[in-house]
Amino acid sequence: PCSSSPCLHNGTCINQYLNQFLCTCPTTWTGTLCESLVNPCLTYPCFFGGTCLLDSSYRPSCICPSTQTGVYCETTLSPCLSSPCYNNGTCVTNALRTSYTCTCPSLYTGLRCENLVNPCLPNRCIY
């Protein structure tokens, strides 16, 4: 049966018993006759919610969520990159780089150092 070259895309035909044959396919093709293109995204690792997309040449790449970067979305971006602390507050990330806290200068308070401390509280100012 291999004399008719049934295997597609440079697959190799191997004669089997009882007039049967088997195609061994190049790595990018699959199927009984090597007729189906293998989707490289099936084995391409995109981490932390990344999405695998194929370019026009059928090459895989990862599209990362806004919190990740890297070829495989393997690197977590610091939440401090956006400078979330106001009024010269210092941004400090947690160990996993998933959240932050702001260390505020003495005259400011709030989650992002957005509130000016009233120096007259809790006591009344006397002028």
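Quick reminder: no glycine exception, Cβ is built from N, Cα and C everywhere.
Checking the candidates CYS91, CYS113 against TrEMBL, the cysteine paired with CYS104 through a disulfide bond is CYS113. For CYS73, the cysteine that TrEMBL lists as its disulphide partner among CYS64, CYS80 is CYS64.
Separating the Cα atoms of CYS34 (disulfide bond) and CYS73 (disulfide bond) is a whole-number distance of 32 Å.
Of all the disulfide-bonded residues given, namely CYS25, CYS64, CYS113, those whose Cα is no farther than the 10 Å limit from the Cα of CYS102 (disulfide bond) are CYS113.
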